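Taking it in order: structure first as structure tokens, then the write-up.
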Amino acid sequence: MGKRDNRVAYMNPIAMARSRGPVQSSGPTIQDYLNRPRPTWEEVKEQLEKKKKGSKALAEFEEKMNENWKKELEKHREKLLSGSESSSKKRQRKKKEKKKSGRYSSSSSSSDSSSSSEDSEDEDKKQGKRRKKKKNRSHKSSESSVSETESDSKDSLKKKKKSKDATEKEKDIKGLSKKRKMYPEDKPLSSESLSESDYHEEIRAKKKKSSEEREKATEKTKKKKKHKKHSKKKKKKAASSSPDSP
């Protein structure tokens with residue numbers, strides 16, 4: 001089985017157009033456009049002048065509109081002027097009426113003012129009494145609060161003093177127990193039987209004893225050191241004198 005031949009013959013478009021011959025044109029050609037009739041320079045000037053002047057109908061319409069607008073403006077001005085005159089007249093009338101009513105109301109207002117002044121004085125007195133009562137109540141409440149705070153502070157101070165005394169006694173008892181352990185030769189002392197003065201005197205005496213014992217021990221050590229130095233000096237003298245004697 002062989003392959004199918006799908007080849008197509010090539011046709012030159014330019015050659016095809018030449019073979020068909022000249023094409024008939026349906027519209028005007030370029031030469032027709034160039035040979036068209038043209039206006040002269042004078043005709044062009046006349047047209048430009050007409051455009052500048054404008055049409056007569058438009059000018060007439062504008063004039064009529066301006067006249068109508070002027071008439072409307074004049075009517076509006078007349079209305080405003082008449083309204084301002086009427087408003088001024090109304091104001092004058094109102095002022096006259098107020099003056100007349102003021103004369104009649106002055107007598108009645110004087111009586112009303114006197115009664116209102118009396119009422120205001122009564123109200124002021126009542127308000128003053130109320131304020132005084134409120135001040136007295138606030139003063140009493142402040143005094144009571146101050147007294148309560150003072151009593152609370154005193155109670156707190158007493159409690160603090162008691163706690164301090166108790167802590168000091170406990171410390172003294174602990175110090176005694178330690179000293180009993182350090183010095184077992186001493187006789188045991190009961191804190192209940194002894195008073196506070198005797199208790200302090202015993203503590204002072206024990207402190208003195210301990211200081212005296214320390215001083216004695218230091219003196220003994222100093223004497224021993226001096227004795228050693230003196231013996232060393234004697235030995236050195238004896239050693240230096242022994243070779244010189246023969």
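The backbone N, Cα and C atoms fix where each Cβ goes, and this holds for glycine too.
TrEMBL has this to say about the protein:
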- 70-80: compositional bias 'Basic and acidic residues' (COMPBIAS)
- 89-102: compositional bias 'Basic residues' (COMPBIAS)
- 103-117: compositional bias 'Low complexity' (COMPBIAS)
- 127-139: compositional bias 'Basic residues' (COMPBIAS)
- 164-175: compositional bias 'Basic and acidic residues' (COMPBIAS)
- 197-220: compositional bias 'Basic and acidic residues' (COMPBIAS)
- 221-238: compositional bias 'Basic residues' (COMPBIAS)
- 19-39: region 'Disordered' (REGION)
- 70-246: region 'Disordered' (REGION)
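Outside the compositional bias 'Basic and acidic residues' (70-80), and at least 6 residues removed from its termini, no chain residue falls within Cβ reach (under 8 Å). Summarised by DSSP class, the composition of the compositional bias 'Basic residues' (89-102) is 14 helix, 0 strand, 0 coil. The helix, strand and coil residue counts that DSSP assigns across the compositional bias 'Basic and acidic residues' (197-220) are 24 helix, 0 strand, 0 coil. Residue counts for the compositional bias 'Basic and acidic residues' (70-80) under DSSP, helix first, then strand, then coil, are 11 helix, 0 strand, 0 coil. In terms of DSSP helix, strand and coil, the compositional bias 'Basic residues' (127-139) has 13 helix, 0 strand, 0 coil.
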